[in-house]
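Taken straight from TrEMBL:
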ACT_SITE  E173  active site
BINDING   H172, H176, H182  Zn(2+) binding site
DOMAIN    68-275  domain 'Peptidase M12A'
Amino acid sequence: MNVVDTFPRKKYNFNVPCEVKRTVLNPMAYSMVHLDWLMNSRQDPEVRPGLYQGDIAMTNEDYNYLRVGLRWDVFSNRMWKNRIVPYVISPLYRAPEYIKILKTLIYLKSMTCINFVPRDKFARDYIIFEPTHNPDGCWSYIGKIGGAQLVSLEPPDNIKQNCFNGQGFIIHEVLHALGIFHEQSRADRDNFVNIHYENIIPGELVNFRKESLENTTYSYEYDYHSIMHYGSFSFSIDRLRKPTITSKIPGITVGQRENMTKTDCLKVNKLYGCLDDPSEAKKWNAICSTLEI
């Protein structure tokens, strides 16, 4: 089946709606680092100063919620209604990037109960995949924020692939938009990993905050290899030699951007109630279990 036939490319009048023109930086919460670091060609495209935990955009109200950890039974309005996520892909992307985004959405649709559909004129809440500037890179909001919301995916340039260096970067940001946090922000993370604060870029300690224990629950064991986990050198002053986060178990690496783990897959399905019915749970457990192979 042709991927374009599955998700037909519509012609949109892509004037960015006023809902999108929201503040994504919180100047009170973050400090910018030196521009020479920003220009480093080895920089992680998910790490952008001024964004919460490097790739999470927030309004000022979001900051107050996220710093203590969202509870989805309390903030149910941040869930996508009926498990349907309308989307628009910016025509600013070239065909290869456009197709890669489509293939990722088709893949996630096959692995979870979330239905990604091209946005029509009746959809008020939707995500827009668009290459953005100031900040650029790969980033997203957490959950549905209402109206049009950006998922930034920086396209390849003459030096590197940026957010299109494999499907994993796109999956990571889409999972944020569905409501999934970074794995290492769990309140219990210090039982599993070491944070090397001395190796973190000055002013970026905020990116290693934990969610509060009283406002979050965990149904799965800590997932070192989660696609939502930081890599060992995220926000490092020396991305070649000085790790910022390491496993307490010798020999275990943390984070990857290849694909979801079984736990990542189950988290999405559980978050949207797809494991509540026994027969549905059996189906999605079987599908997510293929990620162990």
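Cβ coordinates are placed from backbone N, Cα and C, and glycine is handled just like the others.
Under the three-state DSSP scheme, H176 (Zn(2+) binding site) falls in the helix class. All protein chains considered, the CB of H172 (Zn(2+) binding site) has 25 other CB atoms within 10 Å.
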